[in-house]
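As annotated by TrEMBL, 1D-myo-inositol 1,3,4-trisphosphate binding site applies to LYS39, LYS80, HIS176, LYS208, ASN304, GLY308. Positions annotated as ATP binding site by TrEMBL: ARG115, LYS165, 197-208, SER223. Among the features that TrEMBL reports, Mg(2+) 1 binding site is placed at ASP287, ASP302. Here TrEMBL flags ASP302, ASN304 as Mg(2+) 2 binding site. Marked as domain 'Inositol-tetrakisphosphate 1-kinase N-terminal' by TrEMBL: 30-109. Feature annotation from TrEMBL assigns domain 'Inositol 1,3,4-trisphosphate 5/6-kinase ATP-grasp' to 131-324. Sequence annotations record features per position, and here TrEMBL assigns region 'Disordered' to 1-21.
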Amino acid sequence: MRLNGEVSHKEEEEEGEKENGNLLPQKVVVVGYALTSKKKKSFMQPKFEVLARKKGIVFIAIDLNKPLSDQGPFDVVLHKMSGKEWCEVIEDYKQKHPEVTVLDPPDAIRHLHNRQSMLQNVADLDLSDCHGKVCVPRQMVIKKDPLSIPDEVFEAGLKLPLVAKPLVVDGTAKSHELFLAYDRFSLSKLEPPLVLQEFVNHGGVLFKIYIVGEAIKVVKRFSLPNVSKCELANVGVHSFPRVSSATASADDADLDPSIAELPPQPLLERLSRELRSRLGLQLFNIDMIREHGTRDVFYVIDINYFPGYGKMPGYEHIFTDFLLNLAPAT
Ligand SMILES: O=P(O)(O)O[C@@H]1[C@@H](OP(=O)(O)O)[C@H](OP(=O)(O)O)[C@H](O)[C@H](OP(=O)(O)O)[C@H]1OP(=O)(O)O
Ligand SMILES: Nc1ncnc2c1ncn2[C@@H]1O[C@H](COP(=O)(O)OP(=O)(O)O)[C@@H](O)[C@H]1O
Ligand SMILES: [Mg+2]
Ligand SMILES: [Mg+2]
């Protein structure tokens, strides 16, 4: 980390001095960021930027049209850009600048771009001593032939209804187009590659667990309602909207406590710690649901890299503290 004064950011420092009661931030952390314009808008909110400046964090937008090594110098590089070319730029930069903390390694991020590999680490976990059980829904991958789906589903013994999800998550709207399938024959209408996942009744509430390094924040969101016994007689594949990404949180709603009670803290801590280390990532969130009718059986259904932190309550403080506490790379 740079000591205060090594980089000239006079305005920021003066503001920090004023607002900190004449105390200068002890160090200046220079953070280069490469984010889509959508992400920049939701993440770089004015309140966040002001707080960061006060604490001695300077954000610099990376110009993708210029060599990365000619920009900076940075203490930290934050990025969420897709594409092979960008990954190569970052890998090359990491090698040439081992002193810079790059969040996060492209290889580790890539693991979350596939809905099968993203859940593998959860499936391998055993958290039985942690006040609850964390599972992943039974699922299978359909790589190519849609006509083979009915037989493959039958052979795998998957229970209907199934959620059909595009296998690859690449940031496009299409990769978030999901379907609920009530019968196995209608699934042949869908376009592989797909993941077919058993639907788990969970009372329409989802827990979003945000991870920022060691910090964890969990919020409730609305989700799909239970599928009743009589609905099991339905047929067809039905697309459904992105219920859980709505900004309206379910935190203040008057919900049945047996459905909306937050998962136990020790379970969340252990799950987050394990996934952080197994995935090799510091910035992600986990979508988790509680199996309806149970108190402590949970399913992880989705993991997202660098999610919408702007929607996480208190993200300004959590994120700035995280950036300040990052150990300098040696
Ligand atoms: O747009 P936001 O702020 O809702 O964030 C999206 C996330 O929403 P969440 O924070 O979990 O509610 C969203 O999470 P979900 O997949 O909706 O659970 C994704 O992480 C999405 O990124 P991508 O399209 O998969 O690359 C995220 O989109 P990007 O902002 O990264 O484009
Ligand atoms: N196996 C499942 N059982 C019940 N509901 C599910 C399941 N999978 C997904 N959902 C619902 O669909 C929503 C979107 O699925 P998700 O896997 O999180 O995809 P995305 O990456 O597009 O957010 C979830 O937030 C949840 O409401
Ligand atoms: Mg999700
Ligand atoms: Mg997702």
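Cβ coordinates are placed from backbone N, Cα and C, and glycine is handled just like the others.
Shown here: features listed in TrEMBL, placed on the structure.
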{"residue": "LYS39", "record": "1D-myo-inositol 1,3,4-trisphosphate binding site", "Cβ contacts under 8 Å, 6 or more apart": "LYS80, PHE306"}
{"residue": "HIS176", "record": "1D-myo-inositol 1,3,4-trisphosphate binding site", "Cβ contacts under 8 Å, 6 or more apart": "PRO166, VAL169, ARG242"}
{"residue": "PHE199", "record": "ATP binding site", "Cβ contacts under 8 Å, 6 or more apart": "PRO137, PRO161, LEU162, VAL163, LEU180, LEU224, VAL227"}
{"residue": "ASN201", "record": "ATP binding site", "Cβ contacts under 8 Å, 6 or more apart": "ASN226, VAL227, GLU291, HIS292, GLY293"}
{"residue": "PHE207", "record": "ATP binding site", "Cβ contacts under 8 Å, 6 or more apart": "VAL218, VAL219, LYS220, ARG221, LEU262, PRO263, ASP287, MET288, ILE289, ARG290"}
{"residue": "ASP302", "record": "Mg(2+) 1 binding site", "Cβ contacts under 8 Å, 6 or more apart": "ARG115, MET118, ILE286, ASP287"}
{"residue": "ASN304", "record": "1D-myo-inositol 1,3,4-trisphosphate binding site", "Cβ contacts under 8 Å, 6 or more apart": "LEU112, VAL169, PHE284, ASN285, ASP287"}
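Residues LYS39, LYS80, HIS176, LYS208, ASN304, GLY308 are the ones the record ties to 1D-myo-inositol 1,3,4-trisphosphate, and the longest Cα gap between any two of them is 19 Å. Between the C-alpha atoms of GLY203 (ATP binding site) and GLY308 (1D-myo-inositol 1,3,4-trisphosphate binding site), the distance comes to 24 Å.
Secondary structure of the domain 'Inositol-tetrakisphosphate 1-kinase N-terminal' (30-109) per DSSP, as helix, strand and coil residue counts: 36 helix, 19 strand, 25 coil. A Cα-Cα distance of 19 Å separates LYS208 (1D-myo-inositol 1,3,4-trisphosphate binding site) from GLN197 (ATP binding site). Listed in sequence order, the binding-site residues among LYS39, GLN197, PHE199, PHE207, ASP287 whose CB lies under 6 angstroms from an atom of ligand 4 come out as none at all.
Less than 6 Å separates the Cβ from ligand 1 in the case of none of the binding-site residues GLN197, ASN201, VAL205.
Among the binding-site residues HIS176, VAL205, LYS208, SER223, ASP287, the residues whose Cβ sits under 6 Å from any atom of ligand 2 are HIS176, SER223, ASP287. Take the CB of GLN197 (ATP binding site) and look out to 10 A: across all protein chains shown you find 23 other CB atoms. Taken together, the residues in the domain 'Inositol 1,3,4-trisphosphate 5/6-kinase ATP-grasp' (131-324) have a mean pLDDT of 95 on the 0 to 100 scale. Proximity of the binding-site residues LYS39, LYS80, VAL205, ASP302, GLY308 to ligand 3, judged by a Cβ distance under 6 angstroms to any of its atoms, singles out ASP302 in sequence order.
VAL205 (ATP binding site) falls within a strand segment according to DSSP. Taking the C-alpha positions, the distance from SER223 (ATP binding site) to GLY308 (1D-myo-inositol 1,3,4-trisphosphate binding site) comes to 17 Å. The two recorded residues VAL205 (ATP binding site) and GLY308 (1D-myo-inositol 1,3,4-trisphosphate binding site) have their Cα atoms spaced 18 Å from each other.
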